[in-house]
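A quick write-up on the structure given underneath.
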Amino acid sequence: MSSVVVVGTQWGDEGKGKITDFLSENAEVIARYQGGDNAGHTIKFDGVTYKLHLIPSGIFYKEKISVIGNGVVVNPKSLVKELAYLKENNVATDNLRISDRAHVILPYHIKLDQLQEDAKGENKIGTTIKGIGPAYMDKAARVGIRIADLLDKEIFAERLQINLEEKNRQFVKMFDSEAIEFDDIFEEYYEYGQQIKQYVTDTSVILNDALDAGKRVLFEGAQGVMLDIDQGTYPFVTSSNPVAGGVTIGSGVGPSKINKVVGVCKAYTSRVGDGPFPTELFDETGETIRRVGKEYGTTTGRPRRVGWFDSVVMRHSKRVSGITNLSLNSIDVLSGLETVKICTAYELDGELIYHYPASLKELSRCKPVYEELPGWSEDITGCKTLADLPANARNYVHRISELVGVRISTFSVGPDRNQTNVLESVWAQI
C-alpha cells in the first residue's frame, strides 16, 4: 500500500499539475479530491501543452486510472467540453472514473455566484464565478444534486424543480434579477449526465481496492493550503479543503492509508484575487517576476499578484497539512535579480511573530521581516542537480529548506518535464 498526496502550500498556482504529472509516472491511480473547474493546471505531455480544470493529470497515461472523487464539485457542461478537448487531441479518456457521490454545479449556482460577488462591491472575495461556493453551500445545506441524482431522470427533475423554486425567490426578491426556467436546464444537463455516465462509479471502492492490492495511488489537490476554507486566509478562500486532510473526506480513503504529503511551492509567492498577502511586491522587481514567471491565471487569465518567498506561510502549511517532502518550483524565474529575499517572520505591533495570524486586522498590521541573500545571474534552466546550481542559487534553496523545516525532494528550473529534478524519490521512501 503506497499513497502520496500533492498539495499546494501557498495560494495556488504553485505548479502542482507538473509535479503531479511527474509523480504520476510511478503511480497506478491518480485522484482529485476537492475543488472544481475553478482550478487550472497546465501539463506538458509529448511536447504538447494542455490546460485542464477538472480531469486529473493522470489522464495522459492510458494504463493508469484517473479519479474525480466525491469531494469535487462537477460542472457537467465543463466536463463534457474538457473530454471533447482531450479527444480532439487524441487523448484517450476511457481510464477516467467519476464518483457517483460528487455534487453537481448547475447554472443557478453560477448565477448566484455572480450576483453575490457583485453585491459585495469593494468587499468582494475575487471568486472565479464558476459556481463553486454556491454548490458547496447546497451540499452543506443538504439540497445539493449529486452525479447519482443527475443520472436518474425522475430524481433529477424533482430536485431541480424544488431547488429552482428556492433559487428563483432569491434571484427575484433579493437581487432583482430574472428567474431561471426549469426547461432552461433540465434536458441539457440530463443529456450531459448521459454523456458522462460511462465513467460514473463508486470511486471509494476503486481507490481502497487499489491500495489494498498494493498499488500506488497519487492524490492531487487543487488550489493551495492558504485557500483552505478552515486553514487559509478566511474569508478570502475557496469553499473546500485543499489541505492533505481533505483527502479522507473527498476520496473516501481513510487517514491510515496516507503515507506521504508533498508540498509544492514556488521560489517566490503568487496569488490571484483579493485577500492578505504580506510579502506582495508593487515595484519593478514584482513586475519582473510576473513577466518572467508568466504569472497569469490558468482559469481567469488575470495577472497574479507576486511577492517574495514567505516562510511564515510555508511553516503554517507544513503544520496543518503534515507535509513530509517539499517540491520547489520556478527557481529560474529569480535569475538575474541582484538580491533575493525570504520572509522569516512578521513584525506585529513592534513584536516578532513566527505564525500566521487568523485575524485579518492583525494581518493588515503585519510587516514582513526579510533575510536578504545575494542573487545569481547565470542561466540555470539546464541544471540537473543542486551541485549544478550557482552557489547563490544553491544557498537560497538550502535556506528555504532550513526555514520551513522540510527536506526538498524535487526542484524545478523551468516549465518542462525534463526541468524537474529529483533529489529524493518520494515513492522510494514508502
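Glycine is treated like the rest: Cβ placed from N, Cα and C.
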Candidate from THR49, THR128, THR248, THR288 that Swiss-Prot assigns to the same IMP site as ASP13, GLU14, GLY15, LYS16, ASN38, ALA39, GLY40, HIS41, ARG142, GLN223, THR238, ARG302: THR128
Spatial separation of THR300 (substrate binding site) from THR128 (IMP binding site) - C-alpha basis, Å: 7
Nearest-integer angstrom distance between the alpha carbons (Cα) of ARG302 (IMP binding site) and GLY15 (GTP binding site): 17
Those binding-site residues of ASN38, GLN223, THR300, PRO303 having Cα within 10 angstroms of GLY12 (GTP binding site): GLN223
Among LYS18, GLY301, PRO303, ILE331, which are recorded as binding-site residues, the nearest neighbour of ASN38 (IMP binding site) by Cα: GLY301
